[in-house]
Amino acid sequence: MSVCALTLILGCFLLFLGDISKPAEGCTCAPSHPQDAFCNSDIVIRAKVVGKKLMKDGPFGTMRYTVKQMKMYRGFNKMPQVQYIYTEASESLCGVKLEVNKYQYLITGRVYEGKVYTGLCNLIERWEKLTFAQRKGLNHRYPLGCTCKIKPCYYLPCFITSKNECLWTDMLSNFGYPGYQSKNYACIKQKEGYCSWYRGWAPPDKTTINTTDP
């Protein structure tokens with residue numbers, strides 16, 4: 001098994017709630033709030049794929065995408081300029097397929113031995129599909145919440161058990177995942193020391209610090 005496969009398996013596990021996860025044959029990933037995806041990644045960039053090459057480095061091979069980095073949101077200390085993104089060539093091993101010279105993507109991934117690896121269990125989305133709040137989150141809010149814990153709720157009852165948790169209930173909605181909290185909210189530590197959901201178009205300040213919506 002290639003290094004890419006070993007790396008991705010660590011972040012990709014089977015989930016019995018198949019209708020709220022992202023299936024791709026043998027690859028099934030647990031839902032992840034965009035803030036968690038941001039905070040748990042070594043690299044977060046906005047980039048356009050400009051080329052690809054199948055690397056013969058294992059039984060299934062690895063796809064190497066050449067990217068033009070537009071902006072980096074996380075990973076300056078790891079790799080300030082990303083040129084290549086690696087992923088499993090097989091979708092059954094959580095490999096992701098990206099269009100060449102077509103879209104700009106938000107890409108998250110991990111760095112291993114000087115290379116950036118990503119896959120279906122990482123957050124990868126076409127840039128134009130991100131909400132305004134998600135784009136703001138990348139620039140300002142998500143980094144403020146990396147010490148908070150987003151606790152998913154799959155069925156009722158569910159509760160927070162510590163002051164650093166935000167209860168994530170998108171999976172209970174009839175609209176499914178990703179839902180309203182994923183698209184519009186960030187879980188941010190407040191000045192009183194607890195974490196709560198924050199929604200707004202400006203960084204938190206004393207006039208909004210006590211918001212607990214939703």
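A Cβ is built for glycine as well, from the same backbone N, Cα and C atoms used for every other residue.
The annotation Zn(2+) binding site is assigned in Swiss-Prot to Cys27. The disulfide bond annotation in Swiss-Prot covers Cys27-Cys94, Cys29-Cys121, Cys39-Cys146, Cys148-Cys195, Cys153-Cys158, Cys166-Cys187 and rests on sequence analysis. Look at Swiss-Prot and you will find 27-146 tagged as domain 'NTR', backed by sequence analysis. According to Swiss-Prot, the region 'Involved in metalloproteinase-binding' annotation covers 27-30, on the basis of similarity to another entry.
The disulfide-bonded residues Cys39, Cys121, Cys187 differ in how many other CB atoms lie within 10 Å of their CB, and the one with the most is Cys187. Here Cys27 (Zn(2+) binding site) is positioned 32 angstrom away from Cys195 (disulfide bond), judged by their C-alpha atoms.
Residues in the region 'Involved in metalloproteinase-binding' (27-30) partition by DSSP class (helix H, G, I; strand E, B; coil) as 0 helix, 1 strand, 3 coil.
Straight-line distance linking the Cα atoms of Cys158 (disulfide bond) and Cys94 (disulfide bond), rounded to a whole number, equals 30 Å. Taking Cys27, Cys148, Cys187 as the recorded positions under consideration, the smallest Cα distance to Cys94 (disulfide bond) is found for Cys27. Only Cys121, from the disulfide-bonded residues Cys121, Cys146, Cys148, place their Cα within 10 Å of the Cα belonging to the residue listed as 'Zn(2+) binding site'. Neighbour density for Cys27 (Zn(2+) binding site): within 10 A of its CB lie 23 other CB atoms from the protein chains shown. All protein chains shown were included, and the count of other CB atoms within 10 Å of the CB of Cys146 (disulfide bond) stands at 16.
The two recorded residues, Cys146 (disulfide bond) and Cys153 (disulfide bond), have Cα atoms 19 Å apart. Here Cys187 (disulfide bond) is compared against the disulfide-bonded residues Cys29, Cys39, Cys121, Cys148, Cys153, and the shortest C-alpha distance is to Cys148.
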